[in-house]
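Let me begin by presenting the structure, written as structure tokens, before commenting on it.
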């Protein structure tokens, strides 16, 4: 078989591989849906909370366009920003019956949003343990119970104390998503052939933005975002959980887990044959054997060892920084201002403009699926950060000069769309799967757990702190993010390796400065960051 034929064989998609990846990323679809769904029915849920708690809210809208009845906005902890305007909340002020403080209602709403991120933070540390203990497929099966339970509580919210049921349901769903955000990249990276690992890994982000977009559309008033149907809207993600549960029964276990962790050679070969079809599995078996030998020498790696061992230090720093750059890039801030900017630009229904941003979000995530294996992870990550930096500067100029030149609102609108586009090109999808690529089998579960916790924690911090930064800096708030983006760009240029087309062993070896055969070293020339570290 010549080189071209081998490459085509390595890029061959079988039905089992497609089913396995689709089933796994349903976990990220639920993640995206849960991020976006709480935003659309905000007004009706707040009103319901008010009735439940004995307060009668006056007519006051969460996204008020009138200057005489302006809305003061606060940031909701746990805000996420893939196409969602979640994060702006009208204080529940002005109640005819003051039996309940408006601050209490604000607190309950804040908890309804933020407990999702808290749940994710708590569970993310157990990803490595449950993934190794149960196996990748069985672990995803078991944690689906959390999603089903959480969505059931929210779907039945009107039948009990709604605020308690929603807060509990969001927390339990967050527990599921924290586990899923680690297990899914782990499984997808391990079942994907090297030539397709980047493209298939990008599907995580596509599932997230699709979930957000669908939740935004279904949350429109004339669909499910009304006083009668909002519990159904909140609990609808449980359908995806049920679908994933039954489809997982048809998916093969990760051959890498079977071979390296359990030593089940024949079962690993059977799993590979199901995933690869008629392709000869011996090349991948040989790669696994090398990785198994490395894993045997390093044994099981705990989170403490991950940080204390100089062997993993560079890879850990890179893994954490790509997660931090995703959350601290300013994407949340962009969507914090987007509704107001759309209004000032003359858009009559800002919610539809936000959905339009969600559509752009989804389209460019699809494009990134095809770009990631052609341009490489490192190149796209750098391009995305630089594009976001330029867009942040343009956004600052637009906001500062908006009061002097009305047409600057259009500059701001263009900057929003460009910011989102560049985010989806690199910093959006790449952190989710590059962490799994940076580590060999031994430290991979611990590394994914730490990176997942970092992502969730940064998500929560941004939600908690952004309002104070915005109040302090005003329209110059994006200067802060521009500086951060510059720091992230310089770090990525110096330290983030190219993982395109590399085996796990080759990537790990680059961080260890291990000398590989001449051919492998030629393939690793782009790993400048790992070699210079």
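Glycine is treated like the rest: Cβ placed from N, Cα and C.
Marked as D-glucose binding site by Swiss-Prot: 205, 326, 327, 332, 361, 424, 432. Swiss-Prot lists 64, 69 with the feature N-linked glycosylation site. Sequence annotations record features per position, and here Swiss-Prot assigns topological domain 'Cytoplasmic' to 1-17, 132-136, 185-199, 251-315, 372-379, 493-533 (among others). The topological domain 'Extracellular' annotation in Swiss-Prot covers 39-110, 158-163, 221-229, 337-350, 401-413, 467-471, and the record cites sequence analysis as its basis. Under the heading transmembrane segment, Swiss-Prot lists 18-38, 111-131, 137-157, 164-184, 200-220, 230-250, 316-336, 351-371, 380-400, 414-434, 446-466, 472-492.
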- Query: the transmembrane segment (316-336) and the transmembrane segment (164-184): do they have three or more Cβ pairs under 8 Å, with pairs 6 or more apart in sequence?
  - Reply: no
- When you tally the Cβ atoms that lie within 10 Å of each candidate's Cβ, which of the binding-site residues (205, 327, 332) has the highest tally? 205
- Of the stretches 18-38, 137-157, 316-336, 414-434, 446-466, which racks up the most C-beta pairs under 8 Å with the transmembrane segment (200-220)? 18-38
- Touch test for the transmembrane segment (230-250) and the transmembrane segment (316-336), at least 3 Cβ pairs under 8 Å: no
- Note on the structure: Contact count check, CB pairs under 8 angstroms to the transmembrane segment (380-400), set 137-157, 351-371, 414-434, 446-466, 472-492; argmax is 414-434
- Neighbour count (Cβ, 10 Å) for residue 326 (D-glucose binding site): 24
- Note on the structure: Secondary structure split (DSSP) over the topological domain 'Cytoplasmic' (372-379) reads 7 helix, 0 strand, 1 coil
- Task: State the residues, same chain only, that lie 6 or more residues beyond the ends of the transmembrane segment (111-131) and have a CB under 8 A from a CB inside it; answer 'none' if no residue qualifies.
- Result: 34-35, 38, 45, 76-79, 86, 139, 142-143, 163, 166-168, 170-179, 181-183, 186, 303, 445-446, 448-450, 452-453, 455-457, 459-460, 463-464
- Item | residue 327 (D-glucose binding site) - helix vs strand vs coil (DSSP) | helix
- What residues, ordered by sequence, lie under 8 A Cβ-to-Cβ from residue 432 (D-glucose binding site) and sit at least six positions away in the same chain? 28, 181, 185, 201, 204, 205
- Item | Folded-back contacts onto the topological domain 'Extracellular' (221-229), same chain, C-beta under 8 angstroms, at least six residues removed | 40-41, 44, 47-48, 236
